[in-house]
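Enquirer: Before anything else, here's the structure in question.
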Amino acid sequence: MKKAYIYVFISTFLFSSMEIALKLAGSEFNGTQINFLRFGIGGLVLLPLAIHRMQQRHIRIIGRDLRMFLLTGLVGVVISMSLYQIAVEIDKASTVAVLFSSNPIFALLFSYVILHETLSRTNLLAVIISMIGLVIIVNPIHLTNPLGIALSLGSALTFGLYAIITRRYSMQRGYDGLAMTCFSFIAGALELLVIIGISHIHVVAQVMSGSVALRNFSNVPIIQGINADDIWMLLYIAVGITAAGYVLYALAMEAGDVSTASLIFFIKPALAPILALIILQEQILLNTIIGVVVIVTGSTVMFIGNRFADKQNTRPYQTAKE
């Protein structure tokens, strides 16, 4: 169990530094270029582990798997992460980090709608509390950056949808989270490569360059503009955050349990703004602090409820063994 908490600590730091790293990289690279390289490299790094896991489970890729990977890559990488990258570039890293951390709440709602899973009282309470926290952070009466907030919430919502789609298909085909993530990353990177090609069409480039939100899709380079000084930042984002962060998350689940591993997403809303303050000197507003406290409270309610449910589910098995 101690190993699980070590994995949680390291992966929490990696995921909490994600918005900061992308903010810094955004000044050097095109946003779509970052996503393509990040998920392409990250997916390839995860590939040997994913293949090994599939061999252990005696799973082979079939035609419908490829179609599903294209769907999860589209939702989780192309749509969600593109919205996320643009949000990071035009809004505060701390705000984006906190709002994106609400994706488990949206995943809960999608699990109720799509998977028809029961929404327990504690989870329903957690959703309500977290939604209140989001409203406090967004502060609809005094909106300062509505586009950034809309993109952040859109990214969180679509990532929650991605999580439920991958979960549903994993249950059907027996894929573990690592394999689904790996092939979704690679499929998403290939789809971004197609978009990069389209972005060089003259008419498309002109239309996209005229919008702040869409300029990342105009004349997108692949490796142009990358110099020796940028490689370390790129490797940290692709290998450190995207690949290693997820591997450590998966190891935390294996060494502990799902509830322990989920601590990552509960701690991040509090840690990410602190890192943004230290590294980027971003001011933390009072409503953000209050909203974070409320969201963390909601996450704690969810964590305790899931923890209690896990113990209830394992108790009959333990009694049978005795």
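Glycine too: its Cβ is placed from the backbone N, Cα and C atoms.
Under the heading domain 'EamA', TrEMBL lists 3-138, 147-303. Summarising the annotation, TrEMBL assigns transmembrane segment to 5-24, 36-54, 66-87, 93-115, 122-141, 147-165, 177-201, 231-251, 263-280, 286-305.
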Enquirer: When you check the transmembrane segment (286-305) against the transmembrane segment (93-115), do you get at least 3 Cβ pairs under 8 Å, counting only pairs 6 or more apart in sequence?
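Expert: As far as Cβ distances go (cut-off 8 Å, pairs 6 or more apart), the transmembrane segment (286-305) and the transmembrane segment (93-115) touch.
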Enquirer: Considering only Cβ pairs within less than 8 angstroms, which of the stretches 93-115, 122-141, 263-280 has the most against the transmembrane segment (147-165)?
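Expert: Per the Cβ under 8 Å count, 93-115.
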Enquirer: Per DSSP, how many helix, strand and coil residues does the domain 'EamA' (3-138) have?
Expert: 115 helix, 0 strand, 21 coil
Enquirer: Against which stretches of its own chain does the transmembrane segment (263-280) lie, if we need a Cβ under 8 Å and a gap of at least six residues from its ends?
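Expert: For the transmembrane segment (263-280), the list is 8, 11-13, 15-17, 19-20, 23, 92-94, 97-98, 101, 103-104, 249, 252, 288-289, 292, 295-296, 299-300, 302-303.
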